[in-house]
Every structure is written in C-alpha cells, then in structure tokens.
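> One structure, as structure tokens, below. Some questions next.
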C-alpha cells in the first residue's frame, strides 16, 4: 500500500513558469502557502538534470512531510528516492510502473474523460488526475476540456481519490471540489503567480471552504 | 558482473530510417547479417511505445542470444527485461543507472573525446561508445567528429571494451578497428541500407578482416 497522501492542493511544476524565480524557491513558497503534494514535470529535460532536480526537491519536501512524485520517469523517481510517479496515457502502463516502484510508492494516472477511464487498466493506481477541466496553455497535448461536470462523470465511475486538473483557479476550485474531486491540481495558478505562497493560500482556502 | 557481450557489430536503431521496412524486420535482417548487439534508440517516443518496442525486440533477439540495450531509459529496460542500457552524457549517471539495473545487466556510456572520458565517472560502466568518428545526420546533438585517431586516443585511456560510432561505413570500419576499437556501432549503414542483411554482412566482414 502506498504512503498516505493528501490531494487537497496538488502542484505540478513547469520549467518555463518557474525559470525566473527558480524551481526550488517556487516550490518552497508554494508549500509554505499550503500545497500538499508536488509533481516534478519537465518533459524536455534529460535524465541527469531531472534526477538532480528531483533530489533537490526531495531534500526540500521530505522534512515537511510533503510527497514528491515524478512525471513519467519511473527510473528518475527511484534514483532520487521520490515518493512516487505520475503517468500519462502514453507513458509506461501503471502495471509496469508498479512492478518497478514496489508497493510503497504513490502511483497516479491522468485520465481525460469517462471513456479514457473505462479504457485504462487501473491496477496499481493510487489516484487519478482528471482533466483538462478547462483549456490550458501549459500542456499542449491535453485533450478537450471536460468542465466540472466531466470530473463528476469520472467521479461516478471510481472510488480512487482524484484531482481535477487544467486551468483551475481559485474561482473555479469550489465547483471542482463540489463535483467530487478530492483536491485540485494546478500549474499556472501557482507557478505563474507573482506571489506563489499567497496564491497557494488562496487556493487552499477555496478548497477547504467548498468541502 | 554483466552478461557476456560481443561489440563487433553494434546496431543502433533509428525510427525514421526503419519506418518503411519496420523496426522488427530491419533488426531481424541485420542480425541475420551478423549484428552482435542491438540498441533501441528513439528519443522522441513515449514510455508506453518504447516498452512495447523493447519487448518485441527482446522476443526476437533473446532466442538468438543477441543482447538488447535501451537508450537512456533504465525503467523501460527493466520493464521490458532488456539486457542493458546505453547512456549519454546528459542521461542519468552510470552509478545511478547501475543501482537500478543491478549487477547482471550491460551498461554502456557515450564518450565524445578524451576530455569527456576523463570527466566521466565510469563506475559500473561495461563498455564505451566513442565518437562521433565522422559527422553524421542521425544524431544532431553529437559533438565534433574525432576520427579514428580520436578513437585511438580514448583507447589509450581505458581498458573497457569500446565501439567507434558515428558515420562509420564498411570503408572506414578497418581504420576504426585498427585504432583499437573492439567493434563498430552503426545506424545509417544498416538502418538506411536497401538490404540491411547484406549491409551487416559486409560490415561484419570488414571488422573481421581488420583484426
């Protein structure tokens, strides 16, 4: 069984948006503001740089008890002793990833809509990322926006914990939670904020208020 | 200790060059012609496709006793039960990869020149890929061509087995072997040939004759 984790406010990093402030400084501020889980995502980075980034974030997050998951690369997650992996539909299957990760690490899977949920082998998956809820510029290969109603449709199909993802801001967060999401995942709303700590605080409060 | 392997004629696959004939058909023909080791390389492919390709090649190669190594992705190699991994200088460090691979799999490292050799931690590395010997169109981020004399310069620095790589054809193969390489690695000379089996036969004969 995977370690306990809290999906309330799930941060996905973006190398372009964190470039000015720096990855670690952005994540540190975000966590101070209430982020409960961090995903390192940098699809263009080479393995060596990713391992270095993952180790730096792990050093930052472990003492705070905030889990770190790595997008796509199971090898990087294990090398950096991260807490888990988040997979897209084009990545290694969850079953293959679970065999490499062992039972103790967190495994997440992106699901675009109810049909994709139905077609996914969820064996070994601990949580789902559902979306894009709204169209977004940070993930160009994402599917069509499904709205909070799409989140509710996936919610009805599974008992797994799930986060809504894609274009969610503080104004939209309550709808996503009321659609049955256990939390919200954000990229731009924190990485692109002038004050990531304040942005995280506002988002976390919006999630709490909607429950 | 890694399994025994023969570097005499080392095939690196290229998705563009094998597209028309198909990856498996190209590799099958190349092995029939005398290829002794195969590296699956497709930097743009997603994890799921890579695992599927690796499993298909493993099914083809294992009964023939030809090792299969995977470029860059340690997780894909382990998931597909491939025989090893080949790393570039930007990939995970050899020490990190070896920790994930265990002692039984083959680990290769690309080294561009004597200075890069000197700067590399070779702990856990089983063989080196040295080059580009000649400028080539199949790897756009490769460094400057070092020629057979560059191979000889790296040869003088290490006891590890090594292959020359980069733009090597049958005419150049003897020079590379005489420079101290244990074999030659090729992409275009086989994947881009009209008859990959015949091309492999000619290359293998050139390597043997030069010894």
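From the backbone N, Cα and C atoms, a Cβ is placed for every residue, glycine too.
All annotation found in TrEMBL is predicted automatically rather than curated by experts.
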> A:71, A:110 bind 4-amino-2-methyl-5-(diphosphooxymethyl)pyrimidine in TrEMBL, but which of A:58, A:134, A:139 does that record place at the same site?
A:139
> If you pair up every Cα among A:71, A:110, A:139, the residues annotated as binding 4-amino-2-methyl-5-(diphosphooxymethyl)pyrimidine, what's the maximum separation in angstrom, rounded to an integer?
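For the residues that bind 4-amino-2-methyl-5-(diphosphooxymethyl)pyrimidine, the greatest Cα distance is 13 Å.
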> Run through the Cβ atoms and count how many others sit within 10 Å of the one on residue A:71 (4-amino-2-methyl-5-(diphosphooxymethyl)pyrimidine binding site).
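Looking across every protein chain shown, the total is 22.
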> Other residues with Cβ within 8 Å of the Cβ centroid of A:71, A:110, A:139 at the 4-amino-2-methyl-5-(diphosphooxymethyl)pyrimidine site?
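Filtered neighbour residues, in order: A:12, A:41, A:72, A:86, A:88, A:129, A:142, A:165.
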> For the C-alpha pair, I'd like the distance in angstrom between residue A:139 (4-amino-2-methyl-5-(diphosphooxymethyl)pyrimidine binding site) and residue A:72 (Mg(2+) binding site), rounded off.
14
> Check each of the binding-site residues A:72, A:91, A:139 and report back the ones whose Cβ is under 8 Å from some Cβ of chain B.
A:72, A:91
